[in-house]
């Protein structure tokens, strides 16, 4: 919108509410991630940055007469509608009514371990579902994780695993002041989890949790000379060596970091064959002990960890939308991304005159975020990736590159809502409708001493729109 004069932008969102991961992915006890964001500002001469409230910046964009938010609209959905309250359109309708279409629908599924017991035993959850549950994502509202046991196991590494472990061990009084959903707050308050075990990279916050102790890591697994490590790795190792000021046994809750373990089998309880009780791991060994790129090999030994509840945090994945094949969009199922040139231009492999494969740009189609690069990175890196795709679109437009040949002179939403194939067009909501939802959530939250109380179903959201 800054670089292309008079451009009109319509943004489609399947939920009635905007903000994606900022709303439904960031942990409630990390409000600073939601309110502080380095925003790149573009001018003709240079790029500079300043810190701005993330949602305020989105509000600023939404106030432009050239921008239109279309919430509660599912595009190319691969699932049956859960209710008649959602507008549904086909991907081909977008291609017929816009000069350009940007795919930025993220990763809505999670990777699985593929080991015995994973799909048959109760008490095993995906971290994605758990995060959605405590953040008010409607699709995860009915999760109801069983937190009645003592031992929680988080399989995986990264920020999501860190969030899951911290939410399980965090002081309930801290969570009460956040925008965590009421039903999640009540269930976590009654949680009996006393110990969490997992593999994770970022540990400092867990070390600082009150009344929570760390089980010291085996010193053999750490380099002898920490000072010889690069700065980031050295600081991480120093956190591990320092540990917590309290010891396991002296606190009601504790956690441990268990490395070189590969999940092999989930085992059921003796008294209840339907529920998980423990997890068997293959013990592995790094071929080069302190090389981050080292391969691991099995030792032939196994370990058994108690697991009253298990959270699988081994990655998210994107899926193709209905209509990709007709649009000439090739989707890499293994990587879970739309084929692209790395800058956001959608590409496909075609045979040239010599029957050789060549990469060809698909005119007018672009992608950004996790569906472009895969489910990696945090909000800041995803934001920078979006800027790169935005630059690619603007560069192509200003240089006269071919775009979509829309049949109705790029009519946008005005051409879609009355077209055949559009279901429940009257259910689409705009930014003013979202503001009504936003205001009610804030009012409900204020009455409880919170920033907001999120609605956890689309029916609730739509019911407050006048």
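Note: Cβ is positioned from N, Cα and C throughout, glycine not excepted.
Given the structure is predicted, the values throughout are model-derived calculations rather than measurements.
Between the candidates 21, 357, TrEMBL assigns the FAD site shared with 13, 75, 370, 377, 378, 379 to 21. With the fewest other C-beta atoms within 10 Å around its C-beta, 378 stands out among the binding-site residues 21, 378.
Long-range Cβ contacts of residue 370 (FAD binding site) within its own chain (separation 6+, distance under 8 Å): 106, 107, 316, 318, 337, 376, 382. Here residue 377 (FAD binding site) is positioned 13 angstrom away from residue 157 (NADP(+) binding site), judged by their C-alpha atoms. With a cut-off of 8 Å between CB atoms and residues at least 6 apart in sequence, the same chain places 20, 69, 70, 71, 72, 73 near residue 13 (FAD binding site), listed in sequence order. Packing around residue 379 (FAD binding site) is summarised by its Cβ count: 17 other Cβ atoms lie within 10 angstroms of its Cβ, all protein chains included. Residue pairs drawn from 13, 21, 75, 370, 377, 378, 379, the listed FAD binders, are separated by up to 25 Å at the Cα level.
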